[in-house]
Structure formats: structure tokens, C-alpha cells
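Residues or ranges marked as active site, proton acceptor by Swiss-Prot: LYS200. Swiss-Prot lists SER12, TRP13, HIS33, LYS114, ALA149, ARG264, VAL288, GLU290 with the feature NADPH binding site, giving sequence analysis as the kind of evidence. Swiss-Prot lists LYS114, GLY145, SER147, LYS200, ASP253, SER263, ARG264, ASN265 with the feature sn-glycerol 3-phosphate binding site, giving sequence analysis as the kind of evidence.
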Amino acid sequence: MPTKIAVLGAGSWGTVLANLLTENGHEVDLWSHNPDQVALMKRTHQNEHYLGAEFTLQPALHVTADLGQALDQAAVILFVVPTNAIRSVAEQVKPILQAHKGRGEQPIIVHAAKGLERGSELRISQVLAEVLPKELIQGIVVISGPSHAEDVATHDITTLTAASDDLKLAEKVQKLFMNDYFRLYTNTDVIGVEIGAALKNVIAIGAGALHGLGYGDNTKAALMTRGLAEISRVGVKLGAEPLTFIGLSGVGDLIVTCTSVHSRNWRAGNALGKGEKLPDVLKNMGMVVEGVSTTKVAHQMARELDVDMPITDAIYQVLYENAPIRTVITDLMKRSGKPEFDFDNASLQKP
């Protein structure tokens, strides 16, 4: 039976997910805050700015700039806006849900954002829970994993994780997305999934910088592996399950983000490695590079949690203190020797 779904955010990922859900037979409204973008998409049946001229919108997909219309009778609300816009969009959604209260079952809230809120250091599900009270929604699900919109647009096989404190909600969302090229697994470790999704963007900036500087595969593999160790340390300290970080939303997302030219964070790092200045890089990208703001949040979080994150600290120095990339690499390599694992205190169970 078709489900009424509102997808909020008509960037590359929001558009592709809305298209996929429409392909799966659901009734989908894709919302953009920009009326001009909506008019262009309706006229051309494309989202050329984000996805090129080859990608065509499903005929049944409804694009709108009217948030109330998009949310009307929606059983699922999927947030696919940049991290820095999550709170403001949720605040626009709240009064509409309040007006709809009592009309039927509350909607499931889903988000596909990969970042942390600057200032509060909150994960995205925490931001949504703070703005949208329990009486207005069924619960919150996060979808995350190794996924570039460009690959999903061409029906490349893709697997993600649907995570929620409520497994039944995760399973409902899982069923909405599943088809012959898109597969979701469920997980109840929301903390681990969101931390992996956010912090891999920081490491991807570093991976891109190494490529821009001409470093080889050995160096990139070292960065990714030790970067995953940092992500795992902070995640477990926050209460995540260690096994999550060897799953799709951990190492899976890290691999795809650190190795692909589709990754905005990788491309930004690559440009920095080639000598471009950060303001110019961000201006030329024309799209949000989540890892830049996440680096600042992660740097502060590491201090507050007393977690060792030397790679994250090095990337912070490059982005926010104008440190030369080769200098921070040298500093990383000159650190004192230490064991790879602390087997005496290691455990597959969180402390």
C-alpha cells in the first residue's frame, strides 16, 4: 500500500531519495524552500544544478515550495537538509504538525543528515527530538551509510542502515526504501550511526588533502584506519556500540567518502592539498561541505570528553588555524610510539 511521504530538501540526496521512494510506488512530495528551484524542476523534470541533465524526475513525484502542502497527511517526514538548517526547518514543521494533531496517526520522522549541530554539539536526532515533542511524532529514524546520490541516481547497488531506538519504526522505514538496487539493514544504535556519519566527513577532508599532495595508497589507508579508531573512541565514549563502527554507517561510509570524487568533503580536501585557500574552496564548491563545520564541533567534543583525536586535531589546525598541511602531517608522524590496541582494556561491549 502506498505511503504518503514528505521529503524536505531538494538537493542531490533529497531529490534522489524522493525519486526512489516514488519509484517504489509511494506518494511523495519533495519540498524546497526555493520557489524558483521548484518552478525550474517542474518545467524541466530535472534537478540539473545538483544532478546534471541526465537525471530525470519520476513523473509522479510532486515538487513544491509549500511546506504545509508537503506535510499534509504525510505518514513519514524525511529531513534531507544541511545540518545547519535542520533546526530551523524543524521549527517550521512543528506548528504544522500541531495544527494536524488529532487528524490521524502521528508521522514517523526520518533524517538523512550527516553532521553535528554547531554550538550545541547535538546529534541530528537530538535536535529533532528537542524541537518536535513526542506527542507530535511516532519517533525518529536515521538512515545512513555508504551512499553517493550520483550512484543511487543511476541505480547502482547501495546498502544503508536504518537506525532507531524503536526497532519497529526502523523496520517500517526499511520496507519503504527496499528495492532491487537499494537495501537497508536495521540497527538500534542511533548514537553510533550518527557519530559515524558525521565524523567520517572530517577524515574525508584529510583523505582528499593527501591525494591533493600526491601521497599514495599506504598513506591514505593509514589515515582511514586511524581515523576510524578516532571515530570509534568518541562514539563509544558517548555510549555507542563498538560493532556499529565496523558496519555500513561506520567503515562503510568512511570508505566511500574517503575514496570518491563524488564526496564534497574529499573534493574540498583535495583542493586544499593542491594549495587553494578554504574560503575559495567553499565558494567554488557551491554546495555545503559538512565536514568543515563538523571538524570544529568534533575538536571541541574531543576536549570535553577527553578523547585522543590527533588526526581530527590536525585537520582542525589546517581549517581553522591556517596550519600548513605538510607541517601537521610531520607533527602526527613525530608523536611518541604507542600500541595499536589496548588489549587489557579492550572489549566488544561498551563500558
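All positions are counted from 1 along the displayed chain.
Quick reminder: no glycine exception, Cβ is built from N, Cα and C everywhere.
Neighbour list (GLU290 (NADPH binding site), Cβ cut-off 8 Å, at least 6 residues apart, same chain): PRO82, THR83, LYS114, GLY115, ALA198, ASN201, ARG264, ASN265.
A 10 Å cutoff on Cβ-Cβ distances gives ARG264 (NADPH binding site) a total of 23 other Cβ atoms nearby, all chains included. Within 10 Å of the C-beta of SER147 (sn-glycerol 3-phosphate binding site) we count 25 further C-beta atoms, all protein chains included. Distance from the CA of SER147 (sn-glycerol 3-phosphate binding site) to the CA of TRP13 (NADPH binding site) is 9 Å. In this structure, the C-alpha atom of GLY145 (sn-glycerol 3-phosphate binding site) lies 11 angstrom from that of the residue listed as 'active site, proton acceptor'. In this structure, HIS33 is the one among the recorded positions HIS33, LYS114, LYS200 with the smallest number of other Cβ atoms inside 10 Å of its Cβ. Here VAL288 (NADPH binding site) is compared against the recorded positions SER147, LYS200, ASP253, SER263, and the shortest C-alpha distance is to SER263. Sparsest Cβ environment among the binding-site residues ALA149, VAL288 (other Cβ atoms counted within 10 Å): VAL288. In sequence order, ASN47, TYR50, LEU51, ALA149, GLU150, MET287 make up the list of same-chain residues 6 or more apart from SER12 (NADPH binding site) whose Cβ falls under 8 Å from its Cβ. Across the structure, SER263 (sn-glycerol 3-phosphate binding site) and LYS200 (active site, proton acceptor) place their CA atoms 11 angstrom apart. Sequence-distant contacts of ASP253 (sn-glycerol 3-phosphate binding site), defined as residues of its own chain at least six apart whose C-beta falls under 8 angstroms from its C-beta, comprise LYS114, SER144, GLY145, PRO146, SER147, GLY196, ALA197, LYS200. Largest CA to CA distance in the sn-glycerol 3-phosphate binding set (LYS114, GLY145, SER147, LYS200, ASP253, SER263, ARG264, ASN265): 16 Å, whole number. Every protein chain considered, the tally of other Cβ atoms within 10 Å of the Cβ of ASN265 (sn-glycerol 3-phosphate binding site) stands at 27.
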